[in-house]
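Everything on this sheet refers to the single structure shown next.
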Amino acid sequence: MPGSFRVFTLAGIDIRINLSWIIILLLLTVSLAAGWFPRAFPGYSSGTYFLLGLISSILLFASVLLHELAHSLMARARGIPVKDITLFIFGGVSNIEREPRSPGADFMIAVVGPLMSFVIGGICYALWYLITHQANNPLAAILLYLGATNLLLGIFNLIPGYPLDGGRILRAIIWRFTGNINRATSIAATVGQIVAFSFILWGIFLFFSGNGFGGIWIAFIGWFMLSAAQGARYQSTYEETFSHTTVEQVMSRNIILIPANISLQKLIDDYILPQGLRSAMITQGEQFAGLITLSDIRHIPREKWATTPVGFVMKPVSQLQVVTPNQSLRDVVTLLTSHNINQLPVVENGHLLGILSRDTVLRALEVRRSLGLNRPPEPDQTQRAEA
Ligand SMILES: [Zn+2]
């Protein structure tokens with residue numbers, strides 16, 4: 001998340017704070033100092049109320065952090081690396097690196113968050129009852145507030161719309177029964193979109209019935225959930241398409257092969273300038289030898305262009321990330337996105353068959369989507385027999 005910085009490390013996980021979190025910390029502090037504490041604990045100065053508000057807000061975010069930590073530690077226990085936990089304006093988010101491999105793990109990672117909130121809420125209520133419930137003191141007011149908000153947090157997160165924890169639980173259950181994580185994500189995210197729309201409508205209703213701040217806040221939460229749910233739905237659609245598509249089906253076969261023994265000057269004059277190329281594929285005999293880009297050429301002084309062979313400057317195939325034609329698109333698309341690689345040579349038995357670039361992938365997906373080919377066929381008899 002841009003605008004975030006690391007504050008400390010807990011159990012090997014970086015705890016980060018986004019600048020937007022400061023806004024919610026202040027808003028919450030002020031609203032507690034002006035509302036909850038003067039009512040629950042009357043007769044003190046506004047300075048005392050502000051301090052109590054600040055302490056409660058920080059403790060509430062400590063509870064949110066524990067909720068996220070529960071998700072993260074469970075993910076790690078299931079073998080999934082966790083990059084960090086970030087606190088931001090709408091709460092906390094665990095940056096878990098990949099999806100779980102089984103619905104069981106998915107369920108466990110999702111369910112421990114709300115459980116943690118319920119446990120914290122229960123402990124706060126128990127402490128309030130055991131220690132302070134007869135006294136009118138600030139500790140009682142703080143414990144009551146934390147007890148109630150943690151229980152609400154647990155309940156809110158169990159609403160079954162993705163990306164809320166309840167939506168992830170719903171996804172795990174559908175995944176368990178259908179065996180298809182992408183379809184499960186798509187359904188849970190659709191429910192998430194409905195929940196998010198309801199929040200937005202509810203927020204607008206509150207706004208016009210006089211609760212301006214609460215209305216805006218709820219509508220914003222709805223808007224945030226909506227964009228996250230839409231993102232998850234698009235991604236599941238793409239992943240579904242990716243897993244049913246091979247590299248060969250979308251790669252571009254329109255490639256110009258350039259012999260490694262021509263000079264840089266000839267490469268520029270005969271190929272790069274007339275065709276507006278940004279990179280070129282180089283061959284040695286029949287075999288794919290390497291790739292040369294404009295920045296490779298720029299590193300060679302211009303007066304040496306006429307005498308330097310292309311093969312001398314290119315990045316040899318041994319240093320390139322290459323793919324094979326029948327690999328699934330899902331397995332290679334992370335190469336295109338995570339390594340900041342724009343194009344992948346498709347190579348078989350040393351021969352260059354085509355190029356897979358971000359553009360070709362996106363174009364192929366668009367065409368498939370327009371034709372309605374992005375949904376997988378219903379499992380047929382042969383597939384069932386295999387399973
Ligand atoms: Zn959660």
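Just so it is clear, glycine is given a Cβ too, placed from its N, Cα and C backbone atoms.
Bear in mind that TrEMBL entries carry predicted annotations, made automatically and left uncurated.
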Worksheet item: Of ASP14, ASP165, ASP269, which one shares the Zn(2+) site with HIS67, HIS71 in TrEMBL?
Response: ASP165
Worksheet item: Within 8 Å of the Cβ centre of HIS67, HIS71, ASP165, which other residues of the chain have their Cβ, at the recorded Zn(2+) site?
Response: GLU68, ALA70, SER94, ALA110, VAL112, GLY113, PRO114, MET116, SER117, ASN157
Fill in: Least Cβ-crowded entry, counting other Cβ within 10 Å, from the binding-site residues listed as HIS67, HIS71
HIS71
Worksheet item: Just counting, how many other CB atoms are there within 10 A of the CB of ASP165 (Zn(2+) binding site)?
Response: 24
Item to complete: Please list residues from the chain of GLU68 (active site) whose Cβ is under 8 angstroms from its Cβ, counting only those at least six apart in sequence.
Response: ILE85, GLY92, VAL93, SER94, GLY113
Worksheet entry | For the domain 'CBS' (314-371), mean pLDDT (0 to 100) | 83
